[in-house]
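Copied from Swiss-Prot, the annotated features are:
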BINDING   17, 18, 19, 20, 21, 22, 23, 24, 25, 43, 129, 131, 136, 194  ATP binding site
BINDING   99, 135, 139, 192, 201, 203, 280  L-citrulline binding site
BINDING   131, 135, 136  L-aspartate binding site
């Protein structure tokens, strides 16, 4: 059976991931007019820029949907976001600022939950608005087929008939008006935005040019912290974790994790915390640029890693970072539920996150400027008395350290012999100043 359909399957049910925007509205209406039977599915991901979710299915019915459903994905989205924090599943960083993979997390939830809803309705053909140059076309493809092995894919933006008729926003707007719908295009921004309650992505258009900075972006989850006219008073916040799970903010517990994440977003957003500018590698290996917001994820991540460094030993922390980066890349590629990802998640949640219990108090200022004020945990292996410089009882003596250093003579001798061995083969050059062979100065190589 052909998985990807290049032309509209007339007379068949097609599920469309319906956002209510111009693109999916025009696509739904066009498919109905051309003889398909469209079903609309809208994911409630807690998008901060969406004002009325209930109105979206109503609009879909007006445009010709056979049926329209609103699927609440918020609980599952937050669960996956917390799992990503527990695992450090983030691989894109620039200058210490992290992209929290909020769009890939949203796609993992949307791609599985919407297709599951379609399957309940006997809909086995799926369409969405992803383009052939982006990451989402592959993410949705993978998650869709994982959820329904019989699924076929129809994307209007891969159909030449659709593109020839409605290939641009102007054409789509004119089409809607001609069909009796007073659909006015929204004010054209200098970039596009995609969001869920974990974070927002701003990209494309003017942001494709690296001389366009964060200053052209209007944040939807925070404040313009770079604008000195914006007053941002410092604020203290305490985050509590129990066995790797965030349970309280400023001493307040929450009835569910969705409410907790909303409050974390409000706190971090007041300061512009978690906003970053990243150049990344798409799945197809081409580089793209995005400006990201994730105030709540950033707040929880900072507190989690503070506890992590005080509780676990160096080798465990090293494995957390290495496996987290690997897992983050799998998540980015749409492989969050693949076996290799599940293996990494289980290991990190079982052996790392389970011990993360305690409280971290932060002072948030502007943007990503913050200080850690206090760290408290019953599981801390940080013991000041072990390394105190003050006179008093010690867990080890000067003689103990002399013995430990003496044992280092073995590998120091081995290393010295290797350095001179490298010099004999020409890999290192002799140095009159240091007494040891050195890597040749690259500046002198051509002289």
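Using the three backbone atoms N, Cα and C, a Cβ is placed for every residue, glycine included.
Structural mapping of features recorded in Swiss-Prot.
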| residue | record | DSSP (3 states) |
| --- | --- | --- |
| 17 | ATP binding site | strand |
| 23 | ATP binding site | helix |
| 129 | ATP binding site | coil |
| 192 | L-citrulline binding site | strand |
| 201 | L-citrulline binding site | strand |
| 280 | L-citrulline binding site | strand |
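Each residue contributes its Cα atom, and for residue 131 (L-aspartate binding site) and residue 192 (L-citrulline binding site) these two points are 14 Å apart. Counting every protein chain shown, the number of other Cβ atoms lying within 10 Å of the Cβ of residue 136 (ATP binding site) is 20. For the pair residue 201 (L-citrulline binding site) and residue 19 (ATP binding site), the Cα-Cα distance reads 16 Å. Remark: of the binding-site residues 21, 99, 201, the most isolated position is 21 (fewest other Cβ atoms within 10 Å of its Cβ). The CA atom of residue 23 (ATP binding site) is located 19 Å away from the CA atom of residue 139 (L-citrulline binding site).
When the alpha carbons of residue 129 (ATP binding site) and residue 135 (L-citrulline binding site) are compared, the span between them is 12 angstrom. Highlighted in sequence order, 130, 132, 133, 134, 137, 138, 139, 140 have their Cβ within 8 Å of the centre of the Cβ atoms of 131, 135, 136, the residues recorded for L-aspartate, and are not part of that set. A separation of roughly 17 Å, to the nearest angstrom, links the Cα atoms of residue 21 (ATP binding site) and residue 203 (L-citrulline binding site). Spatially, by CA atoms, the binding-site residues 135, 139, 192, 203, 280 include one closest to residue 25 (ATP binding site), and that is 192. Taking the Cα atom of each, residue 139 (L-citrulline binding site) and residue 17 (ATP binding site) are about 14 angstrom apart. Within the same chain, residues at least 6 positions away in sequence whose Cβ sits under 8 Å from that of residue 17 (ATP binding site) are 24, 41, 42, 43, 110, 114, 126, 127, 128, 129, 140. Sequence-distant contacts of residue 19 (ATP binding site), defined by Cβ-Cβ distance under 8 angstroms and a gap of at least six in the same chain, are 42, 56, 129.
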